[in-house]
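Worksheet: one structure, shown below.
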Amino acid sequence: MKLIVAGGGTGGHLFPGISVAEEFVSRDAANEVLFVGTERGIEARIVPQLGMKLETISASGVRGKNGSAQIKGLFLFMFGYSQSRQILKKFRPDVVLGVGGYASAPLCLAARGMQIPYFIHEQNAIPGLTNRLLARFSNKVFISLEESQRFFPAERTLLTGNPLRQSILELVTAEDSFPSVAQGNEFRILVFGGSQGARSINQAMMAALPKMSALKERVSIVHQTGKNDLTEVADAYAKSGIKSTVLPFIDDMAAAYRQADLIICRAGATTVAEVTAAAKACIFIPFPHAVDDHQRKNAEALLEHDACLMLLEQELSGERLAAEIEKIMAAPDRLETISRNARSMARLDAAKIIVDEMIGTKGTGHVR
Ligand SMILES: CC(=O)N[C@H]1[C@@H](OP(=O)(O)OP(=O)(O)OC[C@H]2O[C@@H](n3ccc(=O)[nH]c3=O)[C@H](O)[C@@H]2O)O[C@H](CO)[C@@H](O)[C@@H]1O
């Protein structure tokens, strides 16, 4: 069978698609997957690195843009739609999965026009505009969190969770997964700001470092900064004397999760799903400008079960962050409770359910 995974832009959309692709090819060596995204999305770098196939199309958003940018967005959409038809004619997929992000709309709608079944996956508690529109015509909508059910037609919506990559799923059986601080080991902190890094987390951490001098001998920090702040953040760590590794992007997130006792990060949906599987205690700092404040809602879904800590951006300061780190370091039992509660919220079979559903739908597509 052949599958197209459409969409991406950021890691939060792309990586669930990669998880489904991994599951799909594992079912049958003859299965084929093609990703369709945009040239400026994260997929342009990551998909070829993984040895998977990618085609790019033109696409951009229209929400929140002014008149001329909207017209440009519509023009790009129409061009992307025609490119999508060409791709569909050439690759002849049995099914299409839209994972959100700009490229998923033209490709999924072109698939509908050619009577190829398409499905969508929504990662967030509050869905984006693309998925709300695509849900109207999709065979089924896969959702990650119960909270998003109300936005979609009940009879065609299935709660699956957020598909996790094989490397992340392997963390579930890792024995070293729970915090090691109780044994008096070095306390290892992972700081990252979603797939692109987060300037305000970088700044808060830089401001926190001078206030962490009493912890200096006991902590080590891995900090992902994104492209822009790398040098500035690396300098701040060097000055602080705290053992650290500072990187613009982490290729092997499974390894980064595995070694962490505490994680400080944004609350993007895929991050949230991954840290539950990894059974890690997190201080979530939701991105306050995410559409409909969905990152806060993603974090609150865990907070209700005492499965994370949360700091809102308006409460964020170096002082506060340092105090929170110190507090949790002094309470290993609390750290472990949060980690275990996080694990209890993990949904591990999303990719399997999604692939089962998709291959169970006999394609009625006829590619003209
Ligand atoms: C600012 C914004 O609107 N961000 C959205 C975007 O976030 P973003 O793309 O940051 O998405 P997530 O936080 O959900 O996921 C990040 C993904 O990137 C991976 N990763 C991250 C850092 C790194 O160095 N290496 C790496 O591989 C993580 O393992 C994870 O798989 O999509 C998410 C899913 O729709 C939304 O919930 C977020 O609100």
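Backbone N, Cα and C define each Cβ position, glycine as well.
Note: TrEMBL annotation is automatic and uncurated.
What you are looking at is a predicted structure, and each value in this text was computed from that prediction instead of being measured.
Feature annotation from TrEMBL assigns domain 'Glycosyltransferase family 28 N-terminal' to 4-143.
The Cβ of Gln295 (UDP-N-acetyl-alpha-D-glucosamine binding site) lies under 8 Å from the Cβ of Arg266, Ala267, Gly268, Phe284, Pro286, Phe287, Pro288, each of which sits 6+ residues away along the same chain. Sequence annotations record features per position, and here TrEMBL assigns UDP-N-acetyl-alpha-D-glucosamine binding site to Thr10, Gly11, Gly12, Asn124, Arg165, Ser195, Ile250, Gln295.
Annotation comment: TrEMBL describes 189-352 as domain 'Glycosyl transferase family 28 C-terminal'.
All protein chains considered, the CB of Arg165 (UDP-N-acetyl-alpha-D-glucosamine binding site) has 22 other CB atoms within 10 Å. Around Asn124 (UDP-N-acetyl-alpha-D-glucosamine binding site), the same-chain residues at least 6 positions away in sequence with a Cβ under 8 Å from its Cβ are Ser144, Leu145, Ser148, Ala269, His294, Lys297, Asn298. Checked against ligand 1, the binding-site residues Thr10, Asn124, Arg165 give Thr10, Asn124 as the ones with a Cβ under 6 Å from it, listed in sequence order.
The Cβ of Gly11 (UDP-N-acetyl-alpha-D-glucosamine binding site) lies under 8 Å from the Cβ of Ile42, Ile46, Gly194, Ser195, Gln196, Gly268, Thr270, each of these being in the same chain and 6 or more residues away along the sequence.
Within the same chain, the residues at least 6 positions away from Gly12 (UDP-N-acetyl-alpha-D-glucosamine binding site) whose Cβ sits under 8 Å from its Cβ are Gln123, Gly194, Ser195, Gly268, Ala269, Thr270, Thr271, listed in sequence order.
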